[in-house]
Amino acid sequence: MTIHVKNNIHWVGQRDWEVQDFHGTEYKMTKGTSYNSYLIREEKTVLIDTVDHRFSQQFIQNLQMEIDLQSIDFIVINHAEEDHSGALSALMEKIPNTPIYCTEAAIDSIVGHHHHPEWNFKTVKTGDSIDIGNGKQLVFVEAPMLHWPDSMMTYLTGDAVLFSNDAFGQHYCDERLFNDEVDQAELMEQCLRYYSNILTPFSALVTAKIQEVLSFNLPVDMIATSHGIVWRENPTQIIEQYLAWANDYQEDRITIFYDSMSNNTRMMADAIAQGIHDVDPSVAVKVFNVSKQDKNEILANVFRSKGILVGSSTMNNVMMPKIAGMLEEITGLRFKAKKAAAFGSYGWNGGAVDRIHARLTDAGFETAISLKTKWRPDGKAMRECREHGQQIAKLWAVKDKSTLSTPVNAFQSATPIEGIEAQQPLTETTPTADAAHSADCQCMVCTVCNWVYDPAKGEPNQGIEVGTTWADVPDYFLCPECHLGKDVFVEYQG
């Protein structure tokens, strides 16, 4: 199967709907991915990149249905990682003398993976070009550490197509190839997830490389990535977004993540979140349990945030292993211009919180005062947690919010869907208690999640009938929202 991209350019890649892991198991793919390879047929026939090694035979069979493999004049490998050069060994068995154009660093990577130093390598550097006929040239631009030392981009004159490799891509699989054809919110989510988890450490290089490419004053009508969609409509929007993401990006957002042995640290996290909201309802607060939720989504939220709070129970005088792992990843991602604080519960010794604070400081975060709670937080401790959240909100408040990045939830499409009118965005609100409960009800409110128990409604999912007073609610009752017991409830002051 091939897809026409533009003029004499065709996509000859491979979709992978089922893949879930990338870089071992470090990156979770929620939307599959594609391995994009492109065939250019001018006076010379050029293949740009291959596909993952698992699809080598399918890739070659697909190519053979399109062209005689012997007609390929040369191959361009923009990046030697196996998801781009993986089918090279199988292909070179059929056309062993075909020149391979790549950076000098890529030769080491390709030989290291495929063990064929005898292949016909042709090294290129920024500004080098090859005439492929019909008045068109391929121009090469080295892009070291975006995201490997061997990375480069290739630009096709005449058609004004930039083959950008990993840059501007995303792990996103769809039968449709072009950006204007797919769900724009999904596309934005996957682009941000990809940048925040993979390219963040190289943000300074991203800015420098984009500025270098722009300095060439080359028109860009299309950006053909190595994963995900091809940017056809307004292709420079992703370039502009990358420049924003690379510039110490932060929204008016605070991310809290934690791990907990007995839900004690979770209770603290929820109360801290409520305290932040008390002081600044406009700030987006997200709470994650690292043992239960997607690590890469957490890291994407850290990337978006102006500050983070990291919580852990103390185990053997150190932090929980998953928190330690997250902090190691955060250190490697080298986030800039962000604030942080540690918190956690403990029984004998609160060593975890001290270690988290130290790790966050070492990772370059501006750290605030930590918070420890001994054993299970009681009412007094929960109030202290909430007050801590209030203090954090004040401490991390940004006076001029215009200096923060405006979150973009979707790329802009110039082609509206017929029959659907744009709606005003909904404002996230919590319904007022007065709207749901009468002022004289004998209600109880959960101090962790604010869920309200109303005797007039009962809780049928737990067998508690309408009219059951709080005193008669069984001790086994759990809050339907946060799954904590009766002891976290207080009288509702509606």
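Any Cβ shown, glycine's included, is placed from N, Cα and C.
Since this is a predicted model, take the numbers as computed values, not measurements.
Under the heading Fe cation 1 binding site, Swiss-Prot lists His79, Glu81, His147, Asp166. Its Cβ taken as reference, Glu81 (Fe cation 1 binding site) is surrounded by 21 other Cβ atoms within 10 Å in the chains shown.
Residues or ranges marked as Fe cation 2 binding site by Swiss-Prot: Asp83, Asp166, His227. Taking Cβ-Cβ distances under 8 Å and a sequence separation of 6 or more, the neighbours of His227 (Fe cation 2 binding site) in its chain are Thr33, Ser34, Tyr35, Asn36, Asp83, Asp166, Gly169, Gln170, His171, Tyr172, Tyr194.
In sequence order, Ala341, Ala342, Thr367, Ser370 constitute the residues six or more apart from His357 (FMN binding site) in its chain with CB-CB distances below 8 Å. A helical conformation is recorded for His357 (FMN binding site) in the three-state DSSP classification. What Swiss-Prot records for 260-264, 342-369 is FMN binding site.
For the domain 'Flavodoxin-like' (254-393), the predicted model reports an average pLDDT of 94. The domain 'Flavodoxin-like' annotation in Swiss-Prot covers 254-393, and the record cites sequence analysis as its basis.
Feature annotation from Swiss-Prot assigns domain 'Rubredoxin-like' to 441-492; the stated evidence is sequence analysis.
Per Swiss-Prot, region 'Zinc metallo-hydrolase' is recorded for 30-210.
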Nearest-integer angstrom distance between the alpha carbons (Cα) of Asp362 (FMN binding site) and His147 (Fe cation 1 binding site): 24
Neighbourhood of Gly347 (FMN binding site) by C-beta distance under 8 A, where only residues 6 or more apart in the same chain count: Thr314, Lys374, Trp375
Cβ neighbour count (within 10 Å, all chains shown) around Asp362 (FMN binding site): 11
Sparsest Cβ surroundings (other CB atoms within 10 Å) among the binding-site residues His79, His147: His147
Nonlocal residues around Ser260 (FMN binding site), in sequence order (Cβ under 8 Å, 6 or more apart): Arg266, Asn289, Gly311, Ser312, Ser313, Met320, Ser345
Chain-internal residues near Ala352 (FMN binding site), provided their CB is under 8 angstroms and they sit 6+ positions away: Ser312, Ser313, Thr314, Met315, Asn317, Val318, Met319, Met320, Ile323, Gly344, Tyr346
